[in-house]
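The structure appears below as structure tokens.
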Amino acid sequence: MNVYTIAKTPMFFEFDDTGNLYPSVYYMWDNPKTFPVLVCHEPVLSYLENGADLMLPGVIKSAQFPIPTLRKGGPVAIAFYSSETGMVSGPSAVGCSLMSSETMAEKDYKGRGVQILHVFRDQLWEFGPKGLPPTCSVEEWVSFGKGRDEGLEDEDEEEEEDNDGEEEESKEKVNAEEEIPEEPMENLLVRCFLAGLKYRFTRNMLPMDVGQFYSQCVLACIPDGRKLDMKKTHFKKFATFLKEINDLNDEWIIRVAPNKQKKGADVVSEVNFSNKLFRDFEVTDEKIVDSAPKDKEQFEAPTILEFFAVTEPVSRLFPRCSKGELLAVRKIREYVANYVNER
């Protein structure tokens with residue numbers, strides 16, 4: 001991973017060998033719409049901070065926050081709208097678009113939309129000045145960078161033409177297969193909830209952020225080949241499910257309380273491990289153990305190398321370098337030493 005800094009502030013980074021340059025949140029705060037930006041409701045940020053990718057149902061689609069033109073594999077930033085304050089903050093996350101904007105519309109904005117690579121308060125953010133995301137009104141947000149998306153339209157159309165054949169072939173295969181009745185989404189949710197509570201949650205985790213519990217315990221138990229869509233349940237929201245799950249039995253199973261350290265967030269405060277639903281639950285196809293990573297078992301922090309660009313005022317010190325050329329500290333010392341010795 002290569003990180004490019006200006007005045008010791010990370011501005012861009014390279015995540016893989018594709019050659020794509022991704023902006024940091026610091027860059028996006030100064031240039032809010034130089035890259036495509038999706039706007040989500042504020043609670044979505046906690047899921048992204050806990051390692052989840054951006055699911056398209058969480059993206060706001062309105063006249064004030066239209067879906068920008070996206071290309072598959074391209075950089076995309078994510079800002080957040082607070083319905084309580086009516087303000088937009090960020091962008092506070094950056095990732096790689098997993099599909100084009102047209103494909104998103106064809107899929108009715110369902111599924112994973114963005115692979116999150118960098119988010120507010122992560123290690124890359126800590127390498128910089130550790131500032132807070134800027135906020136602005138909806139009117140101010142709308143006025144930023146109008147017409148920015150027009151340049152990508154032709155490129156995106158070419159990509160969609162290439163994908164048309166594959167999409168049609170895929171649809172034909174699906175229609176040819178015999179439809180199998182799907183398990184009600186509520187059943188899948190309850191199964192994953194109980195599996196996560198029984199096999200991925202322990203008493204010493206209390207109190208645990210509700211968003212963290214949902215991503216690390218519930219979503220982690222989804223069987224292979226299945227997808228859990230909360231909006232397809234009658235609960236619509238996980239918070240509603242947590243309130244109603246206690247009514248499935250004569251005794252409560254989980255209790256939620258406001259997070260004293262984070263306004264507007266909740267934590268799992270108590271769990272009744274003697275509840276009958278909990279005790280009687282038996283695993284079927286739920287994933288109760290994570291598969292070991294194929295390459296490396298432990299996360300390795302990115303290696304950050306510091307370079308300085310040659311500018312006009314110091315160009316005499318570096319006669320063999322062009323303006324803007326990047327030099328390592330060791331190379332700079334050599335040039336300065338040679339300059340002094342020649343004098």
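Note that Cβ sites are derived from N, Cα and C of the backbone, with glycine treated the same way.
TrEMBL entries are annotated by machine, without manual review.
Record features, source TrEMBL:
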- 1-32: domain 'Pre-PUA' (DOMAIN)
- 36-123: domain 'Eukaryotic translation initiation factor 2D-like PUA RNA-binding' (DOMAIN)
- 147-180: region 'Disordered' (REGION)
- 151-169: compositional bias 'Acidic residues' (COMPBIAS)
- 187-272: domain 'eIF2D winged helix' (DOMAIN)
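Only residues 6 or more beyond the boundaries of the domain 'Pre-PUA' (1-32), in the same chain, are considered here, and those with a CB under 8 A from a CB of the stretch are 73-75, 77, 79, 90-96, 117-120, 124-125, 127-129, 131, 133-134, 141, 144-145, 302-307. Looking only at the domain 'eIF2D winged helix' (187-272), the predicted model's pLDDT averages out at 88. As a summary of secondary structure, the domain 'Eukaryotic translation initiation factor 2D-like PUA RNA-binding' (36-123) carries 16 helix, 34 strand, 38 coil according to DSSP.
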